[in-house]
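K.L.:
Checked Swiss-Prot, it gives:
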type    : residues                               : note
DOMAIN  : 21-233                                 : domain 'Radical SAM core'
BINDING : R30, R79, T109, K169, R270, W271, R272 : GTP binding site
BINDING : C37, C41, C44                          : [4Fe-4S] cluster 1 binding site
BINDING : Y43, G83, S133, M203                   : S-adenosyl-L-methionine binding site
BINDING : C265, C268, C282                       : [4Fe-4S] cluster 2 binding site
Amino acid sequence: MFSFLCLVELALPMSKTLVDSYGRRIRKLRVSLTDQCNLRCHYCMPVDAIFLEQSSYLSCQEYGEIIGELIALGLEEVRLTGGEPLLRRNFTEIVRAIGQLKLKKIGLTTNGIVLDRHLDTLGENNVLDLNVSLDSLNAKTFSEITHRNCLNTILRNLELASRQGFKIKLNTVVMREINDREIFDLIEYAKRWEMEIRFLEIMRIGYACRHQEKTFISAQELLAKIQQKYSLKPIQSALDATAFRYSTSCGGIIGFIASESQPFCGHCSRWRLSVDGTLRACLLKNEGINIRNFSSLERQHVYQQLLGMKPYLRPPEVSHAMHQIGG
């Protein structure tokens, strides 16, 4: 059944590419496979988080159809996210299906806890770009952030993936008086295992809003601190990149994702598909359109509609939780 919005959009011509009125071409899609997670990071979700019924999840076939339609409109890259995507029961089936599509790149964002169980599947389907969350190398601090005691498991799996040739970026949410004293240890760890590390500003999203003001550290403050120890050389990045990156005098590569202090909305090329089928033009917008039960024709009109829903300037804080939208 057509939604009212779709009926309105039927009067508009459909473009063969996803380019909005600001000239931003949508070429990347974040795809959530589950809202469940085996960590409880305090900036992401409460300890007693309530998750969706799995009957509301998109099926493997639905993922394939939606992503295939977007590829025909110019989509080039997909990143599988969660929650924790490796907890999806039919993860292998979904990865194999997406791996058969004509994408330039498929990546995965994970916390690494069960990564070792899936490395063969990932390698076989050319999912070689891994973003792994790692907020601390200290077991006590890690436990305080995540409410879990599994740091050694994650480090072991990271090192296994590195030895097997996966391209790994570590994502560290830096928080004042929590883990900000560890940035040099993290840089050295990443360099030792030939991983890039990216320092993220804590964002005003959902559950993090209650902590954000007290713990926020800007990317510029971190950069100045790091420059006291290392010489840094800028690395040129694509216009729509989320991070600004540097090579360091210690031989490593670091990046900064300054979503709060230096938002990159004006060049953003990403949409997000939640596990329940809600397609969003922006991480920081509550609004989205659930396309799960739409026909292919209906979805085509939604894609055009969504181009007009992507803001050019960064919206204020949003209420939905990060794990629910594939952050």
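First residue shown is number 1, and so on along the chain.
Cβ coordinates are placed from backbone N, Cα and C, and glycine is handled just like the others.
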K.L.:
Counting only residues 6+ away in sequence within the same chain, which have a CB under 8 Å from the CB of R79 (GTP binding site)?
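P.N.:
Once residues fewer than 6 apart are set aside, R79 (GTP binding site) is near K28, L29, R30, V31, I106, G107, L108, T109, N131.
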K.L.:
What mean pLDDT score does the domain 'Radical SAM core' (21-233) have in the model?
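P.N.:
Mean pLDDT, the domain 'Radical SAM core' (21-233): 96.
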K.L.:
With R272 (GTP binding site) as the reference Cα, tell me which of the binding-site residues C41, Y43, C44, G83, C282 is the closest one.
P.N.:
C282
K.L.:
Let me check the 10 A CB neighbour count of C282 ([4Fe-4S] cluster 2 binding site). How many other CB atoms are there?
P.N.:
21
K.L.:
Please list, in sequence order, every residue of the chain apart from C265, C268, C282 whose Cβ lies within 8 Å of the Cβ centroid of the [4Fe-4S] cluster 2 site.
P.N.:
P263, F264, G266, R270, A281, L283, L284, K310, P311, Y312, R314
K.L.:
What does the structure give for the C-alpha distance between C37 ([4Fe-4S] cluster 1 binding site) and Y43 (S-adenosyl-L-methionine binding site)? Integer Å is fine.
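P.N.:
Just about 13 Å between their Cα atoms.
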K.L.:
Tell me the Cα distance separating M203 (S-adenosyl-L-methionine binding site) from C268 ([4Fe-4S] cluster 2 binding site), rounded to the nearest angstrom.
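P.N.:
Counting only the Cα atoms, the answer is 17 Å.
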K.L.:
Just to be sure I understand: of C41, C44, S133, C282, which binding-site residues have a C-alpha no more than 10 angstroms from the C-alpha of R270 (GTP binding site)?
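P.N.:
Final answer, ordered: C282.
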K.L.:
Distance check, please: Cα of W271 (GTP binding site) against Cα of G83 (S-adenosyl-L-methionine binding site), rounded to an integer number of angstrom.
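P.N.:
The Cα atom of W271 (GTP binding site) is 17 Å away from the Cα atom of G83 (S-adenosyl-L-methionine binding site).
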